[in-house]
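**Q** Let me give you the structure first, and then I'll get to my questions.
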């Protein structure tokens with residue numbers, strides 16, 4: 001965005017951070033001071049019936065402050081970054097038209113990147129191609145498909161773990177549909193599109209000064225989810241004939257581990273440990289994305305007054321007092 005366009009653009013405050021960094025508390029604290037509406041930037045919160053394992057805002061919290069892009073998709077269906085971008089831009093405009101302030105809040109950095117930087121020419125998901133790849137994985141295993149990917153797109157394969165089924169499948173799907181490696185398509189300039197041209201997104205990032213503190217929070221939160229009935233929630237989902245571990249919804253952190261426990265593949269303690277480890281790995285990826293944003297305003301989420309600091313940073317953004 002040019003300096004002239006930036007000066008005339010409407011500022012949109014964004015509250016980003018890894019799992020368990022205190023985003024919900026900060027967003028609700030800001031809502032006590034300003035007439036905001038929260039637009040979720042979270043790929044897990046879109047799914048209905050997945051409340052405990054996603055740490056979804058409670059009914060009381062959602063009644064107190066309008067929330068958007070929560071409970072909008074059935075777990076049997078997919079929801080893409082392109083759909084998120086279109087929905088978020090529409091909501092930002094509608095909220096502003098009502099005389100209220102939109103606040104984007106969440107930790108799905110792929111969504112945030114799609115929103116702020118536009119979309120590359122990646123094809124939509126193809127159910128037939130995915131079914132074929134799922135069948136191949138069931139027969140040969142995901143490490144074998146990872147090796148297949150390494151032969152056609154070594155750059156993408158190098159950044160994926162051999163058991164990262166969701167991303168391996170997507171990279172192979174893109175190649176099968178386009179004949180081009182995903183890494184090449186992502187390296188191309190995003191499509192020109194003026195849908196967000198009048199907006200200036202300013203990220204406030206909750207990041208830990210001590211990773212051990214965040215890890216302790218993650219463990220405590222996972223234990224609290226288990227106490228709140230997370231296993232029962234997954235059991236209800238597992239009883240549905242149309243849900244399986246290959247779906248994006250069931251790849252959400254914690255759900256796969258609980259499902260495998262219910263299948264008898266692991267014991268309870270192993271399930272808990274794997275769920276916490278997977279959440280920590282997600283946190284690591286989220287922080288990697290955040291630290292690649294030089295424009296972000298960092299708030300230490302380990303500080304005792306982190307919520308107050310985050311609200312102050314967001315208010316400076318909204319009042320035009322943040323660095324341009």
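The backbone N, Cα and C atoms fix where each Cβ goes, and this holds for glycine too.
For reference, Swiss-Prot lists these features for the protein:
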BINDING   17, 18, 19, 20, 21, 22, 23, 24  ATP binding site
BINDING   19, 20, 21, 22, 23, 24  substrate binding site
REGION    42-45  region 'Interaction with substrate tRNA'
REGION    166-170  region 'Interaction with substrate tRNA'
REGION    251-256  region 'Interaction with substrate tRNA'
SITE      108  site 'Interaction with substrate tRNA'
SITE      130  site 'Interaction with substrate tRNA'
**Q** Residue 108 (site 'Interaction with substrate tRNA') has how many other Cβ neighbours within 10 Å of its own Cβ?
**A** 20
**Q** May I have the list of same-chain residues other than 19, 20, 21, 22, 23, 24 whose Cβ is within 8 Å of the Cβ centroid of the recorded substrate site, in sequence order?
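**A** Apart from 19, 20, 21, 22, 23, 24, the close residues are 17, 18, 25, 107, 206, 217, 301.
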**Q** How long is the line from the C-alpha of residue 18 (ATP binding site) to the C-alpha of residue 108 (site 'Interaction with substrate tRNA'), rounded to the nearest angstrom?
**A** 9
**Q** Going by DSSP assignments with H, G and I as helix and E and B as strand, what are the residue counts for the region 'Interaction with substrate tRNA' (42-45)?
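**A** Residue counts in helix, strand and coil order: 0 helix, 0 strand, 4 coil.
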**Q** Are there residues at least 6 beyond the ends of the region 'Interaction with substrate tRNA' (166-170) whose Cβ is under 8 Å from a Cβ of it, and what are they?
**A** 125, 130, 133-134, 137, 142, 145-146, 149, 157, 160, 182, 246, 248, 251
**Q** Give me the sequence-ordered set of same-chain residues, not including 17, 18, 19, 20, 21, 22, 23, 24, with a C-beta within 8 angstroms of the centroid of the ATP site's C-beta atoms.
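**A** Not counting the recorded site residues, we get 107, 206, 301.
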**Q** State the non-local partners of the region 'Interaction with substrate tRNA' (42-45) in its own chain: residues 6+ outside its ends, Cβ under 8 Å from one of its Cβ atoms.
**A** 53-54, 56, 69-71, 79, 84, 106-108, 110-111, 248-249, 252-253
**Q** Looking only at C-alpha atoms, tell me how far residue 17 (ATP binding site) is from residue 130 (site 'Interaction with substrate tRNA'), rounded to the nearest Å.
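**A** Residue 130 (site 'Interaction with substrate tRNA') has its Cα 31 Å from the Cα of residue 17 (ATP binding site).
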